[in-house]
Amino acid sequence: MFGRDPWGGALEINATDSATDDDRSRNLQDFDKAALSRNLDETQQSWLLGPTEQKKKKYVDLGCIIVSRKVFKWTVGSIIAAALIAGFVTLIVKTVPKHKHHNPPPDNYTLALRKALMFFNEQRSGKLPKHNNVSWRGNSGLQDGKSDDSTLFKNLVGGYYDAGDAIKFNFPQSFALTMLSWSVIEYPAKYEAAGELSHVKDIIKWGTDYLLKTFNSSADTIDRIVAQVGKGDTSGGPDPNDHYCWVRPEDIDYPRPVTECHSCSDLAAEMAAALASASIVFKDNKVYSQKLVHGARTLFKFAREQRGRYSSGNEAAIFYNSTSYWDEFVWGASWLYYATGNSSYLQLATTPGLAKHAGAFWGGPDYGVLSWDNKLTGAQVLLSRLRLFLSPGYPYEEILSTFHNQTSIVMCSFLPFFTSFNRTKGGLIQLNHGRPQPLQYVVNAAFLATLYSDYLAAADTPGWYCGPNFYSTDVLRGFAQTQIDYILGKNPRKMSYVVGFGNHYPKRVHHRGASVPKNKVKYNCKGGWKWRDSSKPNPNTLVGAMVAGPDKNDGFHDVRTNYNYTEPTLAGNAGLVASLIALSGDKSVGIDKNTIFSAIPPMFPTPPPPPAAWRP
């Protein structure tokens with residue numbers, strides 16, 4: 001019998017198969033035993049046994065990489081554990097009370113600096129700002145200019161009183177402002193670290209705002225400038241004036257004459273230096289900086305065209321006599337070059353004839369001494385800076401090289417190994433050869449010495465030669481430190497010559513405002529003499545004032561009427577501030593190398609760009 005085979009063939013069915021169910025079962029059991037008696041492959045097993053249980057994979061496929069499951073577990077576990085630990089540590093740090101890390105205490109130079117700057121607040125004239133922070137001072141000199149019918153300048157309110165009197169001398173005041181600006185240009189980071197940068201800039205601006213009132217600052221050409229406000233008649237005449245009377249500036253009720261000059265090259269060039277240097281300090285205030293630059297140009301043009309000494313034939317010769325204007329020409333031209341980048345000023349500053357007239361080649365007993373009268377040494381250091389860092393080359397190299405060599409010689413003269421200047425037994429250098437009021441010259445020298453050592457350090461130069469001997473910059477800095485330390489109290493008398501610094505300092509400073517009490521009593525011209533002649537300490541402490549200083553034997557007399565010992569000055573304190581900021585703080589914080597050059601164009605043409613790469 002044949003059935004239908006779906007695969008296309010015949011299907012034979014054995015109908016005669018008479019085997020019983022038991023036989024079939026027995027046969028199947030035999031077949032199963034036979035099948036189990038041999039090994040089956042996986043395919044066969046799957047047919048017979050069905051799908052098997054899948055084994056656990058040993059690897060984890062992360063898409064971009066396949067890693068061991070064991071490694072994967074360890075990695076994930078480690079990350080989770082690290083996150084838990086980090087969170088725990090963060091929690092502890094945030095919950096534990098914080099302890100602030102205090103900066104190291106300021107050194108003596110920084111402490112003295114803060115006090116020395118206060119002297120300028122105490123010397124302010126005009127309507128004082130609310131932040132002046134001198135309780136015993138008030139508004140004064142509000143009629144300056146108006147009380148003199150002969151002058152064209154009717155608003156001369158402001159500026160600074162020069163010393164222990166109420167006279168405003170533009171010549172030393174301008175020099176003081178130039179020195180302060182120079183110190184800010186070189187050491188802004190140190191002022192910032194001391195917390196005094198805004199303060200010193202405010203002091204400078206108070207002075208430059210006043211100087212802009214003392215000539216027609218909006219004009220390109222002028223024929224006169226103000227030299228002085230107030231009168232210092234020392235003849236003892238009956239007319240009240242700023243020397244005859246001993247009263248607080250706030251109580252002045254007598255007329256204050258204005259002294260003008262029409263041929264005053266030294267004064268005009270020094271005022272130009274003050275405004276030009278300040279324009280660099282305020283370079284971020286473009287409007288004010290350009291105003292200062294314009295005024296400096298106008299003043300210097302007047303100085304060059306109207307030759308003469310400002311102190312010739314007037315009472316300024318008694319107090320601040322100018323010996324020459326040639327050094328101011330070099331000094332003023334140098335600052336104007338830095339302020340403007342105009343090479344005509346550099347050409348003038350490096351003119352050999354100008355340097356010769358200024359005394360650069362003939363020496364003399366005061367050679368190398370920077371002061372309100374002689375700025376040659378300051379100009380030489382300033383132009384040595386240009387050679388060290390920019391090296392302008394021809395046609396300036398010859399005179400710049402000469403100035404650089406002369407600066408090195410001046411620095412040698414400061415060292416105790418040489419005999420250019422004597423020293424007291426206590427170690428104070430006698431830059432004015434034993435004459436009174438020595439400290440104002442000492443602080444200027446300390447500033448120049450520290451500054452020049454920082455110039456050399458910034459130029460990667462370890463020292464300089466004095467003849468055949470080589471001295472490191474540390475020796476120069478050491479000179480400055482010993483001199484300033486003397487002033488701050490390391491001297492035979494153990495006295496600080498800066499008022500308010502230390503425990504032992506002058507108490508009877510020659511100063512009207514500090515010696516007359518603020519007790520709502522207005523003393524007349526002679527009524528204040530009792531305070532002048534009193535042996536009692538000043539009722540008001542003139543914080544930060546550097547007095548004139550000891551004599552050549554380290555002696556000092558704390559007597560109010562002896563101004564050669566006890567009178568402070570603007571110029572002296574400006575030099576003190578400059579030397580203190582240069583020595584203060586971390587020695588590794590040197591000068592600001594580039595700010596002073598910000599207006600100077602490139603010395604040499606910019607090289608052309610490299611040619612394009614060659615392509616075949």
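Glycine is no exception: its Cβ is also placed from the backbone N, Cα and C atoms.
Per TrEMBL, the feature active site maps to HIS510, ASP558, GLU567. What TrEMBL lists as domain 'Glycoside hydrolase family 9' is 109-579. The feature transmembrane segment is assigned by TrEMBL to 71-93.
Around ASP558 (active site), the C-beta neighbours below 8 angstroms that are at least 6 residues distant in the chain are PRO506, LYS507, ARG508, TYR565, THR566. Cβ neighbours within 10 Å of HIS510 (active site), excluding its own Cβ and spanning all shown chains: 26. For the pair HIS510 (active site) and GLU567 (active site), the Cα-Cα distance reads 5 Å. Confidence annotation: the domain 'Glycoside hydrolase family 9' (109-579) carries a mean pLDDT of 96 in the model. Applying an 8 A CB threshold to same-chain residues 6+ apart, the list for GLU567 (active site) reads ALA163, GLY164, GLN437, VAL509, HIS510, HIS511, VAL547, ALA548.
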